[in-house]
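Chemist: Please read through the structure below; I'll follow up with questions.
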Amino acid sequence: MFKLALLDIYGGLKKIQFWNYMAWQEIIIRYRRSVLGPFWITASTAIYVVSISIVFSTLFSQDIKHYLLYLSLGFLIWSYINQTVIESADSFIACASFIKQIRIERSVFIYQSIIRNVYFFLHNALILVVCLIFSDSTCTFYAISKALFGFSILTINLFFLSLTLACLCTRFMDLRQIVMSVLQIGFLVTPIMWIPTESMHSKAFLLEWNPLFHFIDFIRSPLLPVD
């Protein structure tokens, strides 16, 4: 069974043109009659990030420039994780008719979901560029490379997690709701809108045993200005 799974993953990977085309067409169809298209998502995300930054930077007595960059990085990475995981739960169910009609590797639909959300993340990365300029951050090539490496590691892990969840959620329909509840809790206990401080030393386990924090921090830390 393990060998069959590996063959499915490898076979799906070789169909990169197919699942990349399907993901791109899905984005086009979704925003076909929209004036701004995907820019609606970018605009709404930007408004949300700016609004939260103004409020929370005041509450936490943080510099608005630093906090805006901190929040935008964390929130966009989290949105990528959250959307990918939730969509993966329905990947096989949503494509059930397609799977029954055509013999194709199941991993193709996971690749399609992953690359579609990568495109959305890259599109929303325009917000990060503006925040980097606004915060007067001087990102080096090494810092950007390290962040991209972290993003690659995150994406690989998301693929295997998505594939596992897709299989489980096909068998256990209620699991999707559990996953969504876990993600909601994960958003609160992960430093996305709040910044860890030394006074939280007694609650350090919330960070040490939180894989979401490590993935986000791996990407976010290199791009933040050094105090």
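Here the Cβ of each residue, glycine as well, is placed from N, Cα and C on the backbone.
Residues annotated as transmembrane segment in TrEMBL: 39-61, 67-93, 114-135, 147-166, 178-197.
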Chemist: Does the transmembrane segment (178-197) come near the transmembrane segment (67-93), with 3+ Cβ pairs under 8 Å (pairs 6 or more apart)?
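Modeler: Checked: the transmembrane segment (178-197) vs the transmembrane segment (67-93), in contact.
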Chemist: So, taking each listed stretch (39-61, 67-93, 114-135) in turn and counting its Cβ pairs to the transmembrane segment (147-166) that are under 8 angstroms, which one gives the highest count?
Modeler: 67-93
Chemist: Are there residues at least six beyond either end of the transmembrane segment (39-61) with Cβ under 8 Å to its Cβ atoms? List them, or say none.
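Modeler: Residues packing against the transmembrane segment (39-61) from afar: 31, 67-68, 71-72, 75-76, 79, 120, 123-124, 126-127, 130-131, 193-195.
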